[in-house]
Amino acid sequence: MKTPIPVQKNEYYEIDIHGLGHEGEGVGKVDGFTVFVPRALPGERVKVKIVRTQKTYANGRLIDVLSGSTDRAEPPCSIFHRCGGCQLQHMTYEAQLRHKKQTVVDALTRIGKLNMDDVTVHDTLGMDNPWEYRNKAQVPLGEIDGRLAVGFYAPRTHDIIEMQSCGIQHPYNDDIVHTTKEILQGLGIKSYDEQTGKGLVRHIIGRVGFHTGETMVVLVTNGRKIQNVEALVDRLRAKVPHLVSIVQNVNTQQTNVIFGRETITLWGKDSITDTIGDIKFEISARSFFQVNPVQTEVLYGKALEYAELTGAETVIDAYCGIGTISLFLAKKAKEVYGVEIVPEAIEDAKKNAALNGLTNARFEVGEAETVIPKWHEEGIKPDVLVVDPPRKGCDERLLETIAAMQLDRVVYVSCNPSTLARDLQYLEQHGYKTVEVQPVDMFPHTFHVECVARLVRQEQ
Ligand code: SAH
């Protein structure tokens, strides 16, 4: 007989929160049945309204905090409760850092089945000022009551929650987004409507070089022609501070993917310049560049420390993007090989190597799991391998090759503790040992957890 679910939609319950889920939501139980409650904290007793039931869990809306946690903080942002951008502003920053470390420990224990007596997970390295840290704003444009509006989508919807300013953005980006919106409004340029497929501007993107102060405006448009484009450029140049580049990207597809194929520079340079450490990078409208430059330096600094370079090493940087880690390491290594699947990123990586006069970095386009086995067969013998895969982690073929290579050191940079733990378990079973893991808070006030792990070859 099927056991009935002990909660009902639209009913109210009082529950104790005992943990946090993957997206920072509180987790509690009603008669042993799991209920997820966004913005509720462990240790709290809360009143919730059930908004959705599934076979094995339910989602509740926080109605009232009956007894609060000392980790609770007043969210500084007025739209925090509606905007999908941040998830943890209701937690003190110190508690966020603790929670992120615990997420890593839990993943290594439950998923990786690592013996935690042998692995040190350090305290999360946080920011002195965990605000205004993003160098890129990517904001949809829409219409509310006949006026243009910018803001992020409410969780799991495409309803724009209008935003006046965003606390985690660099102030220049905030300025870019609002000034550009006002200028578009003034020129009568319409926003794109997802329902009808009509209208022009889909997204406004602002980028800023933290160290150079250079700014870029990107308009993603549903079509090539922008009426009054000269006036638009003139007004942007007059009103947006530190502007060096205005770019249009054309995306006519009905899709959630932000960028289309065609990119046109409307004015100025094609890119902005920024630095990480003493390495310079040219960042074009579509380039992937870490969004938190302050913490990127901390993260890469750790990766460099774990790589233990003396200048004599051959290093492979797998999933190298535009070569950020590769070039950071190239300064301290004999040679670096970078591999990345996106051809434009590899072009940028090569340009960035030349820009910095680094001649000991080579880059190849392809899948890490195909190119690295090929390098292995060709007799390239790295001392250190750095991997920085996307959320799904490393492909098993790559892990097999890492096992076959028997390297001295592996440095694993991860944006997803679950897949990190899975991959570490594989590597532990194939000749490596995880020594330490350092979480670095790249995305304060969001649920994202980034960390870097140091592995060494096991003694035979
Ligand atoms: N290390 C870089 C980028 C990390 S993001 C940095 O710190 O800036 C992960 C990168 O992996 C992305 O650039 C993505 O395009 C790339 N990627 C995804 N799948 C891949 C694969 N199978 N082989 C190689 N690169 C891949």
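Cβ atoms are placed via backbone N, Cα and C, with glycine included.
According to TrEMBL, the residue from Asp270, Asp383, Asp388, Asp395 that belongs to the S-adenosyl-L-methionine site alongside Gln290, Tyr319, Glu340 is Asp388. Long-range Cβ neighbours of Cys415 (active site, nucleophile) (same chain, at least 6 residues apart, Cβ-Cβ under 8 Å): Pro390, Arg391, Met442, His448, Val449, Glu450. Secondary structure of the domain 'TRAM' (6-64), assigned with DSSP and counted as helix (H, G, I), strand (E, B) and coil, comes to 0 helix, 36 strand, 23 coil. Secondary structure from DSSP puts Glu340 (S-adenosyl-L-methionine binding site) in a beta strand.
Sorting the binding-site residues Glu340, Asp388 by the number of other Cβ atoms within 10 Å puts Glu340 first.
With a 10 A radius on its CB, Gln290 (S-adenosyl-L-methionine binding site) counts 21 other CB atoms from all the protein chains.
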